[in-house]
Amino acid sequence: MKLRILKSAVTNPWFNLATEDWIFNTLNPDSHTLFLWRNSETVVIGRSQNPWVECKIDKMEADDVFLARRQSGGGAVFHDLGNTNFTFLSPKDDYDQAANFTIIINALKKLGIDADLSGRNDMQVGDKKISGSAFKHTADRSFHHGTLLVNANMQKLGDYLNPHPLKLKAKGIKSVRARVANLVEFNEDINHETLSDAIIEAFREYYRDTDYGDTAPVEELDEASLAKQPNLNKYYQQMADWDWRFGKTPEFTHHIETRFNWGIIDLHLDVKQAAIREVVIFSDALNVELIDLLKESLADVKYDKHDIKAKFDELNRAHPELAAQIDDVSEWLIGEMEG
């Protein structure tokens, strides 16, 4: 069995998550792989989560915060350069989740931090959570990835997660928040580089003690890797694609209601694969044509404020006599989507 160590110099989350998939799907069946990486400001959601439930999409767009959807399950997390992320990839027959946690705990001990496992997924120092993990398994391989809070901006956890309730009745997984702490609270000198070095050392030591050897070099990955590895570029394009980040959202219903001076609008949008598949509007408005036009305009549109605004603008041009009412509905719906 061989050891492989990769470290990303790129902070684009789509690149790093694509690298995970690339390694996972091209894994040498005779190797244990460690991948270390960190992201610029990003909300990463689990494979089965709804970004409109978990995130403040509009604020993220305004602040140039990435949205990424990972292949594995679990809850929504906020990443910035104060997070260090680790991924262990192994052949399924030789996968040892306990060993992975042991390596991280041993690395933290090298830095004077006593951590332990909390439940199945988390690590903590005292009663403070400092790491969460998620897992993925196929017939012949497994991976375990997690985040270590080094010096993350805790304020921004609240800035981009947990939006204003929109009456979204989602079928996906709702994240559970926990008390968390940064590792710098326990060692003020720790940073991404010192932690990465400690994890690499602990990884080599663990497998040296089990006769795998400790000579694995560190492979540095950067943007040039996309050009050198066509398969990696393919995974990158998928991670960056709107249809993956939004379109893979579980089915949900958005129900909102308001009163305009021309009537009540009770709007129900059934959203599947991030597109509005069914529109139901109850209204006491006198103009029945307006209600029919609104339903027709929203049907099969992406659940995206820019696409919805474009459809309403198109409807305005086609029916200028209804412009005031159309504008009312457009501003209201988009405002509700923004939270």
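Note that Cβ sites are derived from N, Cα and C of the backbone, with glycine treated the same way.
Look at Swiss-Prot and you will find Arg70, Gly75, Ala76, Val77, Phe78, Lys129 tagged as ATP binding site. Around the Cβ of Arg70 (ATP binding site), the same chain contributes Leu17, Glu20, Val44, Ile45, Gly46, Arg47, Ala134, His145, each under 8 angstroms and 6 or more positions distant in sequence.
Annotation source Swiss-Prot lists (R)-lipoate binding site at Lys129. Cβ-based neighbour count (10 Å, all protein chains) for Lys129 (ATP binding site) stands at 19. For the recorded site, Lys129 (ATP binding site), the DSSP three-state label reads strand.
Under the heading domain 'BPL/LPL catalytic', Swiss-Prot lists 28-211, citing sequence analysis as support.
Under the three-state DSSP scheme, Arg70 (ATP binding site) falls in the coil class. Cβ neighbour count for Gly75 (ATP binding site): 19 (other Cβ atoms within 10 Å of its Cβ, all protein chains included).
In the three-state DSSP classification, Ala76 (ATP binding site) falls within coil.
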